[in-house]
Each structure stands twice: as C-alpha cells, then as structure tokens.
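> Quick one: structure below, then a few questions.
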Amino acid sequence: MPLNKDIKRVLVIGSGPIVIGQAAEFDYSGTQACEALKSEGVEVVLINSNPATIMTDKEVADKVYLEPLTLEFIEKVIAKEKPDSLLAGMGGQTGLNLAVELHDAGILDKYNVKVIGTSIESIKEGEDRELFRDMMNRIGEPVIKSEIVTDLQAGIDFANKIGYPVIVRPAYTLGGSGGGIADDEEELRTILESGLQLSTIGQVLLEKSVKGWKEIEYEVMRDSYGNCITVCNMENIDPVGIHTGDSIVVAPSQTLSDKEYQMLRTASINIINAVGIEGGCNVQFSLNPNTFEYAVIEINPRVSRSSALASKATGYPIAKLAAKIALGYGLDEIKNAVTQKTYACFEPTLDYVVVKIPKWPFDKFFGADRQLGTKMMATGEIMAIGANFEQAFLKGIRSLEIGKYSLDHKKFKEHSMSELKDLVMKPDDERIFALAEMLRRDYMIERINKITGIDKFFLEKIKWIVEEEQRLKLSNIEDLDKEWLKNLKKKGFSDKAIADMLKVSPEDIYRLRDIWSIKPSYKMVDTCGGEFEALSPYYYSTYEQYDEVEVSNRRKVIVIGSGPIRIGQGIEFDYASVHCVKALKKLDIETIIVNNNPETVSTDFDISDKLYFEPLTEEDVLNIIEKENPYGVILQFGGQTAIKLANFLKEKNIKTLGTTADQIDMAEDREKFDELLERLDISRPKGKGIWSVEEGLEEAERLGFPVLVRPSYVIGGQGMEITHDEEELTFYLTNAFAKDKKNPILIDKYLMGREIEVDAISDGENILIPGIMEHLERAGVHSGDSVTMYPSQNVCDKIKGKILEYTKKLALAIGIKGMINIQFIEFEGSLYVIEVNPRASRTVPYISKVSGVPIVDIATQVMLGAKLNDLGYGVDIYKEPELISVKVPVFSTQKLPNVEVCLGPEMRSTGEVLGVGRTLKEALYKGFVGANMYPSKEKGKILATINKHNKAEFLPIAKDLAKVGYKFIATTGTCKLLRDEGIDAEEIRKIDEEKPNILDIVKNREVDLVVNTPTKGNDSKRDGFLIRRAAVERNLGVITALDTLRAIADVELEEFDKNKDLEVFDITK
C-alpha cells in the first residue's frame, strides 16, 4: 500500500491522440505510471481518448474510459468513479492543461479530489511565463531579457525597444505551437497573432534572441522531502533557435567543461526546489559557448519527450518513479529496478554515448516549408547507443529509414558552396548532409562553427567520418585490411556504407568480417557504468572486446519493432509488437525485441526478456539473429519497417513466423495480385498502367470518369488523386509525367462507394474476423484518414457474407498464418477488393478494444501452430457488441507550414480518438468533440466554398445545418445556390477581390467552421489551398469531405441533451 494511506483511488489523465509535439512517449510514461500505482495497491481510473495506446488496455488500469479529454467528460468520469486523487503530470501538455482547468473551474474542489505529485500552484509557476520569470528573478537565476504580452501592439512595442530578432514563446502550448523567431515586424505580427490565439490563456513571452547559444537540458527528479537528483543531462547539437524536438540530441553532454556541467546542475536543482516539483522535471538552458553566461529557457513540470529519452538513455524509469513519489515515497526508499541493489537516489552513470535524431514527415508533404525553428515539426525520433559519438551518430543516420547509410548525399554534390552555406544557416531536416558536403570540400571548421553555432567538437567528429568516406571512395576492396575495417566498425560504419564507397556488395564486407572474426559485442545499459551488477536485459552493439550478453538454450523468438513514429506507421504498430511479446511470454518462449524508438512501450527494458536497442537494418538485425539463434523471427507487427526485411531473411534461410516473403510479394505485386483475384473470381476496380497523357485520356474514356490516378510505386497513398473530367486528368498527368517518365501512371475506375475494412486472423484452414469496419467517408479518402464505425452501420447480411467469403479465399490462397488486412468497396450492390496487406494494420488496437477480441494474442498463437477453433473466439465473423465505437482521425497540419489540409487518397493524420455511444450519433458526437472537429455554436457561422461536382450533394446538408441555427457565408456561386434554395447566406468577396475578402474573415476568425471541397491539384497558390491553410493555422475546423459534414449535421439534428444524456463507458466491463 502507498505511504500516504489517504490515497486509494487515483484518476490519471492521458495525453489523447498522437500529434506533432506529443507522441508515443506519453503512452510509455502513462503505462509506467499506471502500473506503478497498481503495484502499490492503489485503484487506477484512467481517461484517455486514444484507442491506439497500450495505456488504454483494460489490464493497465482498473477502470479505463476512452472518452473525449474535455472538462465535460472528465467531470462525468469523476462523478461516476469518485477518485480521491488526481495525478496530472503523465498526460503531457494536454493532461497538465486539463488539470489546471479542472482546478480553476472548481471541479476538483466540488468532488474533493486532491492533486498528488506536482501541485497546481507549481504547474502554474512552471507553465505561466510571467510567474516563472518572476520566480527566476527571485531566486537569482538568469533569464533572457523578455516581456509578457497579451496583445499585438505591446509585442511590437517591446521588439522595437530591444531590437530584432526576437523569440516568441506562447504559454500553455505544445511543441512550440504558435511560437517562432521573428527577424522583423512583419514576421512578428504573423507569429504573435498565431501565438496569442493558440495560448490557452492568451499570453506570450517575447524574449531577445540568443540564437546560436548552446541548448542544454537537465532531467531532474525531486521527492516531497526535498531530495533531488539529476538523472541525465543532454546537449543539443543544434544551438538555440531550433526546437529541442527537432534537434539532434546527445547524452551525456560532450562539450561542457566540468565547471559548466556543475553550474547548470546546481541551477537545475535550485529551480526544481523553488518551483516545488514532486516527480520529474525537464529544465532547458541556453549557454554562451564563449563565456560562462547562461540563461534559463523554460521548464516542463511533468514527464516529457525528453524524460522518455532520458529514461531510455539511462535505464532510469522516470515516470514510474514520479508515480511512486506522488504516493509519498522518497527517492531513498525506492529500489533501482535495473540493479535491485541501489536506490533511486543514486544518479545514473553512462559509459556510452546516446544520440537522438528526429524523424520528419516531409516525405509525405512535398510542398512543406522544411526550415526548422522554434516550432516542432518532427513526428517521431530514433535513438542510437554507441561506445563513441561517431558510432552512435552513424547508427542513428541509418535508423531514420531515409535510404542513407552514410553522410554522402548525392543531392548536395550539385550545390555551390554559397548554396550550402545558405542551407546550414537556415537549417532544414537535411542540414547535416549539407554540412558534411561543406566539410568534404574542406570548408574550415572554424567558419562552419561561426555560421551555424554547432560546436567544433561535433564538426571534427563529422569531419573524420567524411574523410574516411573519401578515403574509402579512393580505395578498392584489396586495400581494406583487418585493422582499418575493425576501426571503421568501431566508429559505426555499416557494411552497406563501406560497400557503397568501395563499389562492392555488403555481402563482400560481411565475408571479410567473417574471415577476420570482426563481430559485434553487446553491452548492457545498467544505470551505473558497470559499478554494480545489473539485471536489466537491455543491450546495444559495439565492436569492443567484451560481450555482456548471456545466450540461453530456451526456445526464443525475435520480434522486429516498427521504428520511429511517422504518418502511416504510428503507435498502433508498437501496440501490436508489445502484445505479441506478451503472448509469447505466456507460451513460455524467450522474447527478444529489436527496436530503436525511445518513445515507446516496446523499448521499456522490462517488457521483453531481452531488448536490443539497434537500427532495424538488414545487417544490424542479422547480427542479433546470429548471436541469439532464435526459433523464428516475427515481422508481422512492425509495419513496413519490419516487412521489408522479409526477402533478406528468406535469402539467409532464416525462419519467419507467420506470413513469408513470397506471400507478401503475392499481395504487393500488382500483376501477381491481379492474377490471384482473377483465379479466385474476386472483383477489383478496372484499370491499367499508362505511359502518356493521350493514352490516359483514352483509358479514362473507356473506364468513365471519375478515375483514380497514381504513380506506380507509392506507400500510404502518396501522389494519388481523383480526377473528374478531361481537364483535371490532363493537368495531373502532365505534371506527373514531367516528374517521372520512367514509370507508368496507374489509372483505375474510381468507384464512389462505401469503403469497408477488415482485420482477420488465418490459421491456414479457418479465419476469424473480429469485426467489419465501415468508413464514413466514401472511397477516395485514405483509410487512415477516414472516420471508422464499428459495428458497421450500413452493410447488409449479403455483403457481410461476401466479405467473409472473399477474406477466407484470399487468406487461404495467399497462405496467411497470422494477420491479414483487406479493404473493400461496396458499389451498387457489388463488392470489390482494393487492397490487401498481409500483416497487422493501424486498425488493430481499435478493433481489439471495441470487439473484445485479443487479435495480436490470437495471431501470435496461430503463427506458432495453434488452431483458431481451440482458442475460444470461434471462426468466421465474431459477434457484434451492443455499443457503437467510432474512430476519428486527428491531424497535425497546423504544425507544418505550407502543407495541404484536404482529405484524399494520401494519408495525412498523425493520430486518432474514439467515441463510444449507445447510438451512432452519440458515438459520432464524442468522436468529433475528442478530435476537436465539432463546431462551437457561439458564432454559428460556416464559411462554405463548394466545387461544381459537390453542389447538389451539399444543399440538403446546408438546409439541415440552417435548420439548427447555423449561418452561412459564401462566395458568389455558392451564395446564389444557397439563396435559391431559401437558405440565408451572406456573400463574401473572393481572394483576388478588394478587402475585406474571404481570406480576411478566416484570418480574423469571423467564422466557426470552414467547409471547402477542393478543385483540382494541390497547387499552393490556389484560393482553396490558401483558405484551408489560413483556417487550420488559426485553429478553425476545416472539413473537405461532405460525408463528414453530413455526419455533423445528423448529430446536430439529434435531440439528445449533450450534457445530460451522454454516458461514459468503462471498457474494462
């Protein structure tokens, strides 16, 4: 039981959907916290809207509510469950903001709920820019010259007084949202306007820019008795000016003198004591590289992205200990789980180097402004561990899955030196390659240091890597002797990088290593630099002498993880990997996980029997397989990252459990797949590959418009578009062939039907479909961006029978053992297959939770030989539940300048929320509220710009919205359409007409909701694009699919009292 006997039932608020700035790290920390509380005999009540998380599994907390994270719904949970305490710091910025709002609204007092861990007062002092600055002044900690402003003019006046550039930091926002660096008044106006709108209290800190100073972070722990330690200090390679979430970060710091290290450590402890933190806290400093001058940037009075990184870098479980501290324990009373001998008051010691590199989404968004600044844009990150900086850094580069194994990037070879200088002075996501190219051309390190602010230490290390690359390029394989190869491996060079430089194959380098016995050894992450014996089975590779892995004779399976979070491959795959590991453990199989993502539950050291924190490349994975000699390897749960290893493992005669490389090829090769469907007598939309605009127009005439067009080789719908007439098709094809003449464009008949999706399990004889999911938006919107309903609402028994028949035929014909995901279209009473994925999909966590079928557990048992009939869930289609569950996508496009908002065949969402209700409309209402898509009725104004193809469909929806009180603003054509039907509408001028025009009313937030159905293309100069961007940057709802608007109108027409009639549901029941 907890030290504080008054704590019996604790409410934990999760962080909600994955968005840029708040990703999987809060699933990791929230899961740790819930398990720590339960281990102390405390009952845990969890509210979180994100169904893709481990945290919302019914085993993690005693009561789990997948409900919107709003005061209205949290109060319902508090009223129903009557918790005595609230733990606020585990749900990121979302959880922290909600705790403050619950306090300020009097809800905590009303239900007698006390905040444990860091208090509301301490949260406010850490988050409110003015209170924090005043406190720093009181305790004598330096802050940068700054001013708190709540209006535009005050900000401009202050900037004029201190001079540009200035940094804008809004209060209570996430990942630097609404912030930035302004070099002049025009930039300041734009950033300030955004920052004031996005801050929950309308407050912004303006400070004199110290861009170019070092950015240093300390992760600190403190208990209620005042005991305080620093867990880890971290150094951003990128100086102040780039958000720490977009910076390459090294732990421990590499360039601080002992005096600087101790000075900032002392400051961190002074700050955490003054604020009164009880738990974990992240402190960020700027440090003048030429003097001992420093300033406090900010603190995060909660677990954070940096604390997840610090936990994985050190093996010190910050979130778990923060939860125990909240229960009243002191650091000197909590045992270190890694050593089982020392206590949590011992500061961790690192005898290795950790490098974190962000993963950006720009491969999905070609038009995005890639320049990095104080607003975070990365969706995820990788972490690499090495015996030295070079090794960790090169491991990190190849972990990013961008096709790069070295710092040699062809793109930058064509750039002039002045272009390269511009690139490193205005850094983007590829700046490290531009910097390497400058060093390759012998540009002086001192000058690069001066123009970038990157420390000479790191530049010298990168210079050494570049010089070795050049030396290899000028050599041949006969020049590569044993000592040189061994040194290259010690410094992190992969076989592929060495082979590419020598113009041989990686297999040639592997053979040399084999002959010379140059094999990796594996070291343990033990928190204590080897001072005490560690029990944690947490390893990284080096090429040092001693190996710390003990290989057992048990039957063992290696599970390949999914790597960094990105659009199209998110936290859902980590969920699947973790459940696979748990299922294997139940079967008494030794489980080994390989992954490189510091944010996730899968890389918690006590999830698997062994954790290898390594890149997910062919060489790094093969090294581990050769070390461990497993019974088999599971790829099905690691998304495309794991699946793309299938052919390589087949070539090496390594057994993959479940679906094989040949079966994957059958599903993914268009020609083979078409032949399979024909053989099975299964329909798919008609289409073919075309090589010219003329051929495309002929094929479209044969098929009939609309048609779906896309490049040949795409992932996640990249480059797909629906065209409605010859003009649109010609526009698309002309641009597509201008970019790529070597590959055909695929053109298919676009069926504007109902999209249906299933995740199924096959044992080779039977299949089990846990549930049939129906998409709200018609085909043409990527499945990951669609609102998804379960049970399906409009699928008749005849079609359900066809779905079962087709799924069984496909699974058995392909030879699936484990999971298969199939997407269908129902069109005019017929069923068509549009896609088959022979692996786990992103809907697995959702359908597992809402159907009650432990899909991954069953699939894992099937891979190892079990039969579905023996596993207790039957075969064919599982019975449907009474409650209706709706999955609603969540987008982060606000964080990505110049990125298209419009829904289409290419996936854009970063996360999702769940809405659960007794009726579809209740579930939709909760889902829309949770995703922040539901319009507020205070103004009740909808801006509507509808293209010619959608006007007839829009009218009845507009009538229903007008009926419940919404007012419309529209440009001439749409306005006339509405008035002709008797709907009151206000006319507004187009963008190219005099002010105030349509763009002005969006920028001034004079509307509640923007409904914009796009015309052709994604041209950033088009009016529709500019309107959508302006709306999303001002946090206004944007709807581009009329099916979504129809659903909102249906919910509005419903007569239930949204405050009184809506129940909250505990999914553990």
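Cβ coordinates are placed from backbone N, Cα and C, and glycine is handled just like the others.
Not my notes, these are from Swiss-Prot:
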type    : residues                                                                                       : note
BINDING : Arg129, Arg169, Gly175, Gly176, Lys208, Val210, Glu215, Gly241, Ile242, His243, Gln284, Glu298 : ATP 1 binding site
DOMAIN  : 133-327                                                                                        : domain 'ATP-grasp 1'
BINDING : Gln284, Glu298                                                                                 : Mg(2+) 1 binding site
BINDING : Gln284, Glu298                                                                                 : Mn(2+) 1 binding site
BINDING : Glu298, Asn300                                                                                 : Mg(2+) 2 binding site
BINDING : Glu298, Asn300                                                                                 : Mn(2+) 2 binding site
REGION  : 402-549                                                                                        : region 'Oligomerization domain'
DOMAIN  : 674-864                                                                                        : domain 'ATP-grasp 2'
BINDING : Arg710, Lys749, Leu751, Glu755, Gly780, Val781, His782, Ser783, Gln823, Glu835                 : ATP 2 binding site
BINDING : Gln823, Glu835                                                                                 : Mn(2+) 3 binding site
BINDING : Gln823, Glu835                                                                                 : Mg(2+) 3 binding site
BINDING : Glu835, Asn837                                                                                 : Mg(2+) 4 binding site
BINDING : Glu835, Asn837                                                                                 : Mn(2+) 4 binding site
DOMAIN  : 932-1069                                                                                       : domain 'MGS-like'
REGION  : 933-1069                                                                                       : region 'Allosteric domain'
> Over the span of the domain 'MGS-like' (932-1069), count residues by DSSP class, listing helix, strand and coil in order.
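Counting residues by DSSP class gives 51 helix, 22 strand, 65 coil.
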> At a 10 A cut-off on CB-CB distances, which of the binding-site residues Glu215, Glu298 has the highest count?
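Top count of Cβ atoms within 10 Å goes to Glu215.
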> Of all the binding-site residues here, Arg129, Lys208, Arg710, His782, which one's CB has the most other CB atoms within 10 A?
Arg129
> Roughly how many angstrom lie between the C-alpha atoms of Glu215 (ATP 1 binding site) and His782 (ATP 2 binding site)?
39
> Could you please provide the mean pLDDT value for the region 'Allosteric domain' (933-1069)?
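Averaged over the region 'Allosteric domain' (933-1069), per-residue pLDDT gives 87.
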> How many Å lie between the Cα of Leu751 (ATP 2 binding site) and the Cα of Asn837 (Mg(2+) 4 binding site)?
20
> I want to verify one value. Collapsing DSSP to three states, which class is Asn300 (Mg(2+) 2 binding site)?
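DSSP call for Asn300 (Mg(2+) 2 binding site): strand.
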> Measuring Cα to Cα, how far is Gly780 (ATP 2 binding site) from Glu298 (Mg(2+) 1 binding site) in Å?
44
> Give me the CA-CA distance between Glu298 (Mg(2+) 1 binding site) and Gln284 (ATP 1 binding site), in Å, as a whole number.
5
> Would you kindly give the Cα-Cα distance separating Glu835 (Mn(2+) 3 binding site) and Asn300 (Mg(2+) 2 binding site), rounded to the nearest Å?
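It is 44 Å, counting Cα to Cα.
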> In sequence order, what residues of the same chain, 6+ apart, have a Cβ less than 8 Å from the Cβ of Glu835 (Mn(2+) 3 binding site)?
Ile822, Gln823
> Please state whether DSSP places Arg129 (ATP 1 binding site) in a helix, a strand or coil.
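Assignment for Arg129 (ATP 1 binding site) reads helix.
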> If I take the Cα of Arg129 (ATP 1 binding site) as reference, which of the binding-site residues Arg710, His782, Asn837 has the closest Cα?
His782
> Name, in the order they occur in the sequence, the residues of the same chain whose CB lies under 8 A from the CB of Ile242 (ATP 1 binding site) and which sit 6 or more residues away.
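Spatial neighbours, sequence-distant, of Ile242 (ATP 1 binding site): Glu215, Asn236, Leu372, Gly373, Thr374, Pro427.
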> Work through the binding-site residues one by one (Lys208, Gln284, Arg710, His782) and name whichever has its CA nearest to the CA of Asn837 (Mg(2+) 4 binding site).
His782
> Mind tallying the region 'Oligomerization domain' (402-549) by DSSP state, helix then strand then coil?
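Counting residues per DSSP class in the region 'Oligomerization domain' (402-549), I get 80 helix, 10 strand, 58 coil.
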